Amino acid sequence: MADNKPLKAKFISLEGGEGAGKSTQIRLLADWLSSQGIPSICTREPGGSDGAELIRDLLVKGAVDRWTPITEALLMTAARTEHIARTIKPALATDKWVLCDRFFDSSIAYQGAGRALGTRYIKDMQTLAFDAFKPDLTLILDLPVKIGLARAKSRENAKTDSEDRFERLDLSFHETLRAAYLAIASDEPERCKVVKADQTVDSIQTTIRQIVKQKFNLPND
Ligand SMILES: Nc1ncnc2c1ncn2[C@@H]1O[C@H](COP(=O)(O)OP(=O)(O)OP(=O)(O)O)[C@@H](O)[C@H]1O
Ligand SMILES: [Mg+2]
């Protein structure tokens, strides 16, 4: 980096519906940060630590209605609490940037809006569990629901992957999620930036890098 001063490690989350391109973009962002001399870890939710990955299995597999909405929200929050304590905070404390594939906005979208528990309920639950811990920047990948679901289905591992509990919900559920993410972005415009995701992988990544550079005052490469 230009002045060789270590920049305080940042926490960036990527959000958006199924197949929006989160996992694709996070890898490219990590590669670019590394080329800028910035070490990072990529992690994901639900999961991201040993215990949270165990809870992940309960959440992403099996019957769509296997949990009541409240249990689903509690399991997500339990997994996130582990993830923050065991993976995210230790990485930030050792100057690694954290790039997280989904974080608490997913709970607001999926359990708050999709499962109709309400934003306030989810926010209160999360505040009880881990206080006001938030990403420094959240990139919300937005694209028409049908395109995202088609992309998710065409993924290489889509046929063998049993992690499709949310993907199997109907179109209106996914439309609700999309609207919820856009509402989060308009509520918190400083933290959240919407990125149009119906573009090529490269052009989305270019936009993401510009946002990250601007937000954290990184030099132009
Ligand atoms: N901009 C793009 N244009 C076309 N295809 C894309 C684009 N970005 C990603 N894909 C493809 O779409 C599929 C889903 O992408 P990816 O796994 O990155 O999405 P995701 O948001 O992580 O999905 P999920 O929520 O299901 O984990 C992959 O096969 C990927 O190669
Ligand atoms: Mg993914």
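Glycine is no exception: its Cβ is also placed from the backbone N, Cα and C atoms.
Per TrEMBL, domain 'Thymidylate kinase-like' is recorded for 14-208. According to TrEMBL, the feature ATP binding site maps to Gly16, Gly17, Glu18, Gly19, Ala20, Gly21, Lys22, Ser23.
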Binding-site residues listed as Gly16, Gly17, Gly19, Gly21, least Cβ neighbours within 10 Å:
Gly21
For the domain 'Thymidylate kinase-like' (14-208), report the average pLDDT of the model, please.
95
Looking at the binding-site residues Glu18, Ala20, Lys22, Ser23, which sits with the largest number of other Cβ atoms within 10 Å of its Cβ?
Ala20
Taking a cut-off of under 6 Å between Cβ and any atom of ligand 1, tell me which of the binding-site residues Gly17, Gly19, Gly21 pass.
Gly19, Gly21
Can you name every residue in this chain, apart from Gly16, Gly17, Glu18, Gly19, Ala20, Gly21, Lys22, Ser23, with its Cβ inside 8 Å of the center of the Cβ atoms of the recorded ATP site?
Leu141, Leu143, Gly148, Arg151, Ala152, Ala197
